[in-house]
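What follows is a single structure, written as structure tokens, with notes after it.
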Amino acid sequence: MPIIFFFLLFFSVHSQEDTPIARFRRYLQFNTAHPNPNYADPISFLVSQANSIGLQSQTLELTPSKPVLLLTWPASDPSLHSVLFNSHLDSVPAEPSKWSHPPFAATLTPDGKIYARGAQDDKCIAMQYLEAIRNLKARGFIPLRTVHISYVPDEEIGGFDGSAKFVTSREFEDLNVGFVLDEGQASTGDEFRVFYADRSPWGLKIKASGAPGHGSRMYDNGAMENLMKSVEVITKFRESQFDVIKAGEAMNSEVVSVNPVYLKAGIPSPSGFVMNVQPSEAEAGFDLRLPPTVDPDLIKRRIAEEWGPARRNMTYEIIEKGPIRDYMGRPLMTVTNNSNPWWPVFKQAIEAVGGKLSRPEILASTTDARFMRERGIPTLGFSPMTNTPILLHDHNEFLKDTVYLRGIEVYESIISSLSSFKGKSH
Ligand SMILES: [Zn+2]
């Protein structure tokens, strides 16, 4: 009993302290989960943090009640391209009954794990940026290039009212951004992961129609038969992509994924479905993810000729969820060699604090980085978490205090290096 009491006292006292961990936990306690994210309170908190370390702040209301917070650390040479550090305010929902700790309590366990929805995705980087600047300022560091931090809404639901509008705003234009760091993902090993592209998501609906008929009749070109032929063709394509992964020749994110997500057919009846009528319509839906190395026009042709061909009485609809090429028509990829002047600066900044980067990757899913890349701005995805299980969107998402604190140190090096970069930036 006395031991438990001691722990309770110890943790309640600590949660009220003004330490980096206490501030991180306070930020995690705002419930910004969809479908009703609280954006106002975390923004007030971030503004008060920014004020306490002397950063400028402005809130942009590009969509009503979906604010973008922008913090700025002005440069000694404002004519140079600035650097932008982005994170999103929102998170996916959590099912509290499936968690060992309440998802918005930010419980710190005796072994140093901080449990919260958003601990990895991506509230850690949101606060690490600020802590790094706090420490750099305390050391008297003055940036040559302006440093901006943006906190955007709605990333988890596509970013269309968040980053997509932000990067096309007048205010964004005025920032004169030369390089962006956005969120990445945890690494289970000792090396930090870095992402130079996202896959582009497509929704594909294919519909077949044909003459209806008695369930007993065999005839050609029924809707179900035509749809099932397409499903077979798509399944074969899926296998060809999956085989490459299984053989270890590509990573998950480097192939085109296509996964069935719904099938819709049949004539409903009170007992389920009418069993003796072949229906005149049938439909299927697929989730597709295209790496930037793939030509989207080739996939479109494949869909038109093989997956939903008019010759089989089929129609299709492709729902493109976001950009796939930049304003110059180039794939949305950031160069990770020395022809991108920011790359060696970023890499050396990590090595300077004893860190190592693993081979740059394409992200299997999507982030707001695609909207910055669409503008032609080099953008990398990076979240400094090593030796950490990948728990984004999962139950019991947590981050260890030591990993979080190490991340602050990494950003001190990154922010000071990028903002001191004297070379030609494009
Ligand atoms: Zn995220």
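From the backbone N, Cα and C atoms, a Cβ is placed for every residue, glycine too.
Heads up, TrEMBL stuff is auto-annotated, nobody curated it.
Taken from TrEMBL, the feature active site applies to Asp90. Around Asp90 (active site), the same-chain residues six or more apart in sequence whose CB sits under 8 Å from its CB are Thr32, Ala33, His34, Pro37, Tyr39, Pro153, Asp154, Glu155, Glu156, Ile157, listed in sequence order.
Residues annotated as active site, proton acceptor in TrEMBL: Glu155. Glu155 (active site, proton acceptor) has a Cβ environment of 25 other Cβ atoms inside 10 Å.
All protein chains included, Asp121 (Zn(2+) 1 binding site) registers 26 other Cβ atoms within 10 Å of its own Cβ. Annotation source TrEMBL lists Zn(2+) 1 binding site at His88, Asp121, Glu183.
The secondary structure of His393 (Zn(2+) 2 binding site), as reduced to three states from DSSP, is coil rather than helix or strand. For His393 (Zn(2+) 2 binding site), the number of other Cβ atoms no farther than 10 Å from its own Cβ, over all displayed protein chains, is 15. Among the features that TrEMBL reports, Zn(2+) 2 binding site is placed at Asp121, Glu156, His393.
The feature domain 'Peptidase M20 dimerisation' is assigned by TrEMBL to 199-305.
Taken from TrEMBL, the feature signal peptide applies to 1-15.
Residue counts for the domain 'Peptidase M20 dimerisation' (199-305) under DSSP, split into helix (H, G, I), strand (E, B) and coil, are 37 helix, 37 strand, 33 coil. Around the Cβ of Glu156 (Zn(2+) 2 binding site), a 10 Å sphere holds 22 further Cβ atoms from the protein chains shown. Listed in sequence order, the residues Ser87, Ser91, Gly118, Asp122, Lys123, Ile125, Glu155, Glu156, Asp182, Thr367, Ser383, Leu392 complete the 8 Å Cβ shell around the Zn(2+) 1 site centroid, once His88, Asp121, Glu183 themselves are left out. Report note: the Zn(2+) 2 site is defined by Asp121, Glu156, His393, and the residues of the same chain whose CB lies within 8 Å of the CB centroid of those residues, excluding them, are Ser91, Val92, Gly118, Asp122, Leu392. In the three-state DSSP classification, Glu155 (active site, proton acceptor) falls within a helix.
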